[in-house]
Amino acid sequence: MTIQPAVPVPPESAASAEPPARVSPMMEQYHEIKAANPGLLLFYRMGDFYELFFEDAEIASRALGITLTKRGKHQGLDIPMCGVPVERSDDYLHRLIALGHRVAVCEQTEDPALARARKSVVRRDVVRLITPGTLTEDTLLDARANNYLLAIARARGSAGTDRIGLAWIDISTAEFIVTECATGELAATLARINPNEVIVTDALYGDAELGPSLRELPAVTPLTRDVFDSATAERRLCDYFAVATMDGLSAMSRLEATAAAACVTYIDRTQLGKRPPLSPPSREMAGATMAIDPATRANLELTRTLSGERKGSLLDAIDCTVTAAGSRLLAQRLAAPLTDVAMIARRLDAVASFVAEPALRDDIRASLRAAPDMARALARLSVGRGGP
């Protein structure tokens, strides 16, 4: 390699050279908070607005169709910026989450007058991490559909005998389910569960066999291997549920426990220490429901039409439920037809009982119409997000 000699700078050029631009205290604070929350769009509170800067602003302006402007300079370049009013932020958050984005909400944690008095920038901190699979607010959820966070753990086997552990949680209803399946059954299982967000290891996300199909899902979050550490899985589950041993929880395989622990670890991280109460994991037995491949499921339009809409699907045609919880349960049952004859008979007997007692049926439906969505209301209260 040839080293070029230094070119002397004429005195007049040296005198006119501008010193490096100083980063403002506000922008210094922004960079510090942004660095602590990589991979998330940062909603940075500025008075009555949440503002986004740099690449976050470019992404949000395209996704939301809002104006991209600029605010000052950084390293000699204009700083891209866009903003949304705080009072309408839920609408914008809903649209971003629906597109698979994750958001960190950064609030002002002191009165601006106090900051002015000490001649400093207003203190701010991230108070919430919002991801597609960890929602609790009614304004961000579809009342008639579950909102699942799903974890995938893989155990390597010989000669194509890999096993997949799955755990999925709806923190807005406390539902928690685990199961195992073969690699070849994963696509059909994911299509049935229809998770809103999937978490996997970095290695699985980049896997030659499964990676391409995972990357096609609407919202996939790759995480470090420690989140899926099987050696600490049982301890993390016991800690979350405040039990001494796994005897206090449902029986599950080591692989299922690994996926379940990944879910609760991710919930801990996104809820910033506020643990929503969850039901103990229930184990779904292999073969309990009919396996339907994704293409067949899509063509049957069980819960969604080919264009992805609920309206026009079989679920839309038969859903005469009077509560949001009932609508969610009907969607679950329609997506996963039973294979157990005894269970099918029990459901048919229940239907026959109400058909034979129309007066009782009408009384119960009238009472249910007045019932709130208790599961979701309790979930909001548990994390301090209750409302009228």
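Positions of Cβ are set from backbone N, Cα and C atoms, glycine also.
Bear in mind that TrEMBL entries carry predicted annotations, made automatically and left uncurated.
What TrEMBL lists as region 'Disordered' is 1-22. What TrEMBL lists as compositional bias 'Low complexity' is 12-22. What TrEMBL records for 25-138 is domain 'DNA mismatch repair protein MutS-like N-terminal'. If you look up TrEMBL, you'll see 147-275 marked as domain 'DNA mismatch repair protein MutS connector'. Per TrEMBL, domain 'DNA mismatch repair protein MutS core' is recorded for 295-387.
Taking DSSP states H, G and I as helix and E and B as strand, the domain 'DNA mismatch repair protein MutS connector' (147-275) has 56 helix, 32 strand, 41 coil. Averaged over the domain 'DNA mismatch repair protein MutS core' (295-387), the predicted model reaches a pLDDT of 93.
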